Amino acid sequence: MYLPEQNLLAWEICLTLFHFFIVGFTCLRLGHRWRTKQMWWDDYSACIPLTVDVIFIILTWLRFRDGVAGIPEMGGFVYSDWFGVALGWTVIWGSRISLSLSIARVFPAKNTCRRFLLGLSIAFFLSYLANLLAAAVPCRTTERAWYSQAFNRKSCIKKLGARVIPLYLTFLLDLRAEILLLVTPLVMLWKVKLPTKERRLILALFASSLITLLTSITFSIIWGLTIDQGDRSVILIAMLGLLQAGLCLLICSLLIITMFFYRFILRKSESDVHSSSSSSAPVTTEESTSNKNETNESSADNSEKSNVHAMSLTSIYDDAFSGISSFPPAPESVRRSEPLPLSYVVGEGEQRESSSQMTPPPWSFSSRSSDN
């Protein structure tokens, strides 16, 4: 596979801006969760890839400051290929663990789906350790330190012989993790009954893992086909590693930030509607006003007596804009102890608690105003 000449400066500018946007994106997520006192395991775990990502991109530009030719002259552990790869995998696998915990947060404490996703997070951590060990497969002579290896060079791969198998297993672990993160939430939430627009939004956000899956496949293919292209392949593989790490960090916060802006826009829209309705002409007769109130009360009673019930789930998103929902805010003690519940509609005939006895969803898509 022929590679054109790589413009290192163009890569540096584009990827630096990309990572700057992603770091700000993630900081917004963590700052919002901290402000609303809704920090959970998924947020704490996101702090690790966020910090490492900043170190990763700075170190990468330091390694390439004199071009590819200057890399071998940079001795020491910090500038070694192994350490650079370890930083990239820390961002990638840390983001996957955070996303898995975010999905687990949706389900109640003893729910089977929640336990499965917590187990999946542990499996991701073990896969991360396996990747680090596979990257430490010795491709060196006795004169070189264990970390001083160039396993992304074709000559090195040939010397490995059968020991190259663990290196290819790292790509299989990547593909398995991305497929699980793509399929698992879609399967678990497929039967959740939400309004059509919000249902499509949530499923589409979870399906955004398809982006990182395609990136992982692309990286694996290019790594295998262009490894003998000299400096051009070194630059391209390093830049794709930065791109994959940034996308993983972006996807793990995408759902939470998108829901934040969705609620903000919905709140503003409802405020405008309320202002418009309050400024409209009042009903002229007292009798018509009375009839209108009776009609509203009758509609509310019929709605409460319907066969649709709420099921309590743990929320993946919490925010302070409780005024958007028609439900009252949850108690402070509940918000401090564990994530707030998310309600969704289940089928007719299922036996659930009545909605009046349940804690309201903090990210309800209900467009009803509390004044109704």
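Even glycines carry a Cβ here, placed using N, Cα and C.
Look at TrEMBL and you will find 274-299 tagged as compositional bias 'Low complexity'. As annotated by TrEMBL, compositional bias 'Polar residues' applies to 354-372. For 28-233, the entry in TrEMBL reads domain 'Rhodopsin'. The region 'Disordered' annotation in TrEMBL covers 273-306, 328-372. Annotated transmembrane segment per TrEMBL: 6-28, 40-62, 82-104, 116-137, 167-189, 201-223, 235-262, in sequence order.
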Looking at the transmembrane segment (167-189) and the transmembrane segment (82-104), are there 3+ C-beta pairs under 8 A, with each pair at least 6 apart in sequence?
yes
For the transmembrane segment (82-104), the distant same-chain contacts (Cβ-Cβ under 8 Å, at least six residues beyond its ends) come to 40-43, 45-46, 48-49, 52-53, 55-56, 59-60, 63, 113-114, 117-118, 120-121, 124-125, 127-128, 131-132, 135-136, 146-149, 151, 174, 177, 181, 184-185, 188, 206, 209, 238, 241-242, 244-246, 248-249, 251-253, 255-256, 316
